[in-house]
Amino acid sequence: MGTVIGEEAGKLTVVVDSEERTDTYKASDTFGYREFAILPDMIGLPELHEATLLHNLRLRYMNDDIYTYIGPMVVSVNPYKKLAIYDEKLIPLYQSKPRDELPPHLYSIANKAFQALVQLGQSQSVVISGESGAGKTEATKYVLKFLTTVAATSTSGSKMDLASRILATNPVLEAFGNAKTVRNNNSSRFGKFIKIAFDTTGGIMGSRIDNYLLEQTRIVHQAPIERNYHVFYQLITGASDEEKQKFNLLDSPDEYAYLCNGHMEVEGIDDKADWANLKKAMTTLQISQSDQDAYFSLLSGILHLGNIEFRGVERNGMVEAHVVDEDLIKTVAALFGLEPLAGLLKQSLTTRKVSAGVRSSTASVPFNLEQAIENRDALAKAVYTKLFDNLVLQLNKHLIDGEYPTTSKFIGVLDIYGFEKFTENSLEQFCINYANEKLHNQFNEHIFHAEQMEYKNEGVEWNTIEFVDNKATISLIEGSGGLLTMLDEECKVPKGSDKTYLDKVKQKHKLNSMLQFPMKTPDEFIINHYAEPVNYDVNGFLNKNRDKFSNDVITLMTNSSMPLLKALFRDSATLSSSDDNVTSNRPLRGGMNLSRATSTNSPSKRVDTTVTKKFSTSLAELVTTLASSNRHYVRCLKPNNKAVPKLFLGEKLLGQLRSNGVLETVKLRKAGFANRIITDTFVKRYDILPGLTSSEPKHIRKFLERLVPPKEWAIGHTKVFLRNDGMELLEKKRTEFIAQSLVSIQNHIRSWRAQNKLIKLRIQRERRIAAATVFQKLIRAFYAKRLLIRLILAMKKRRNDAALVIQRYSRSFNSWSVLVVLKEEWLKLQATKAIQAQIRRYCAINRLLDLEEEARFRKAQEELRERYQIAAVIGQRLIRGYNATMKMYRIEYEIEQERKRKEEEERRRIEEERRRREEEERRR
Ligand SMILES: Nc1ncnc2c1ncn2[C@@H]1O[C@H](COP(=O)(O)OP(=O)(O)OP(=O)(O)O)[C@@H](O)[C@H]1O
Ligand SMILES: [Mg+2]
């Protein structure tokens, strides 16, 4: 929450959100943050308290990791900037990968809901809560985007465009139901529960939207720097000239009294572009042009109605309200399809009818100025809220072909206003906080009571965890004799007022510890809500609760020539009250009789109902629907009030964490068995693992004893309970087993391929060896032959040379003999010379022979070198062949080793199995 900067006398000085404070903090609420690991799931936090939770969230947030798990729940901190984590490409990832392998995300929650729906056939709900501006509506859109995308593959052709229709409801609902407030530029001023019905394969069958409690006061008045509903601004700035003429629109929002703050630019909102989107979405949703025109005509009518002003005219000592500009009445009448009834419209805006005492006789009583304004505004609010309800009905018609399949399984996404506390709180905040009490109670029921009860019912041991129960507050509000019943009763009591209501409440509940009555503000009571105490000002409670306007107005509206307006008021119910108990049987202009109109257009029986009654009924229905489904919770948190990124105000976050029960959830989830699986489902999932053969508890026990540590699981009467670690271990074993089976199959395939390869290698090697042998033979033969030829040639040459030498010698001897015979002396000399010459020749011949011999030797050397080179090439080839053969032998050897290892494993497993059986038999 903050950083400790000093300690003195048991008090710590802490810097919280850059503000320095000194206070008493528990030592257990401090921690050494350096040892702290950032975790995507806070269930795993080693130290578990507010400080660690907050610190973990802060570190993640600063790193743009806005989602964090707390067991099955997701906490989301508004980043106030666009993050690249919603790409459609991520959807298949979150669909296929285990939760732990990806960063926490809404897609993961949505995927869990979808998988549970398809696999277990159970309806699911995603409950998204948080204070205004925390990011609920954005989160809803991402969940819907995920669901419509993953369902598209299983959705049949004729229903394919249902997904786009579901998404198209967003711009329409946001235009009519969202507005700029001080806390959020696009604040939803209504609650919604979107249900998507799926078939058994996960294909979309249809969808339905339930809406809750649209804020009404905004239609006629807005606080400074706030706006009315977006659609008014879109209509005025976006409409074409032709449309402006058709709907009689003025040029600027400044010209309308109901758009009090006039033309206001809102950051991040482009009214013109949104108008185009709205029309496009309405077309996608197949809302006809005439219906669209009717909606816009009524919107324009409401705005002109707000411009009708009254002036006070004194008569008989009373001030009567008179319309200032009669033309405006005509404009409104035209836009409401009441052209011939403009006079009646004016009358109903300025007077009311009261019973004159005699049966069927009535008298008109003029409104004073205040009453006329109140009456005008009541009509504007009624038309808009009914129009909004009708719009949702229209959307629902186009979200399904035929009737909504109530028996089908669904995934519902709830985007509902969070807990509210302002300086002044009225009936609206009372209803909103009541809804939050109910939902929080269900969350408590779900997370705490239900868990404990389930453990108890299943006969599993469980240590109770303490938590704050808000049942007493709910009972104070909705119980018999509670605040709601008393309010309804006071609305029926003649002369009942806000003050009499408060007095009665004080009287009845003065001892209730959930309620306080502040002395300083006598018109208020304070309810101690689960989140924090809220003071409610009762002024206006009764009027808001009655939500009534005169029967004349209802009658008038049901006589509109515009079918839409007729339909809006057809089912209107009004409260009978002492000062408004008149039914107007007077024929209307145009010949229509009210009694006929009532009998044909209105329910024959008047329904006495109030705003809070309607609200609590729809709330009860919602709670029942949620209870019938498997719930997933998304808690949206707002990090600051400035709507800026990277500003994490610890104290603000802490308040939200406390009020939405996040801390208790962490404790409980950590302490309890987070996973509960029906035994049959458990067996179906894990019978793939050896040892699980039946759903008999003793078999499951044995199976779990073998695989999971004892503190990680428990077996109930109908379910198997697992802590997160135990579940993870089991899942891991299952995945490993599947992977092992796959590996074994792959091994077989690989071994078969290796054998094939081996055979091929062998054939290749044999062929290569045969080829090499033949080649070597040929080479050897070639060289031998060449050598032989050379030797023969060399011998021949030598023989010739020798013959020549002999011939020369013989010729020399002959010459020498002649010399002796002829001239002994002279010849002796000559002979000597001749002999010398012969000797020299002989020497020269010898030298020549030596040179020839040397040349031959060199040549032979070269030939030898060539041969060596060829032999080296052949040698390399032979080495490569040898290596290939060795590799082949190695592969053969590895295959053989693998086969032996498996045989050994199998032998050991059989041995173990045999020993285990013997052991069992021995034990028995
Ligand atoms: N995931 C997100 N990524 C980016 N911006 C976001 C995200 N969630 C919310 N925001 C911003 O915060 C604003 C308020 O969010 P959103 O309208 O969803 O709040 P909310 O909880 O529905 O409030 P309200 O109760 O008033 O309707 C959005 O307009 C958007 O600017
Ligand atoms: Mg919203």
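Placement of Cβ uses the backbone N, Cα and C atoms for every residue, glycine included.
Here the structure is a predicted model, which means the values were calculated and not measured.
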Which range of 228-250, 550-572, 619-641, 642-664 is region 'Actin-binding' in TrEMBL? It is 619-641
Other than G130, E131, S132, G133, A134, G135, K136, T137, the chain contributes near ATP (Cβ within 8 Å of their centroid) the residues N78, N184, G418, C636, K638
DSSP says S132 (ATP binding site), in three-state terms, is coil
Restricting the binding-site residues E131, S132, G135 to those with Cβ under 6 angstroms from ligand 1 leaves S132, G135
Counted with DSSP (H/G/I as helix, E/B as strand, rest coil), the region 'Actin-binding' (619-641) has 9 helix, 8 strand, 6 coil
Filtered by Cβ distance under 6 Å to ligand 2, the binding-site residues G130, E131, S132, G133, A134, G135 reduce to none
Summed over the region 'Disordered' (898-924), the DSSP helix, strand and coil counts are 26 helix, 0 strand, 1 coil
Across all protein chains shown, the binding-site residues K136, T137 give the max Cβ-within-10 Å count at K136
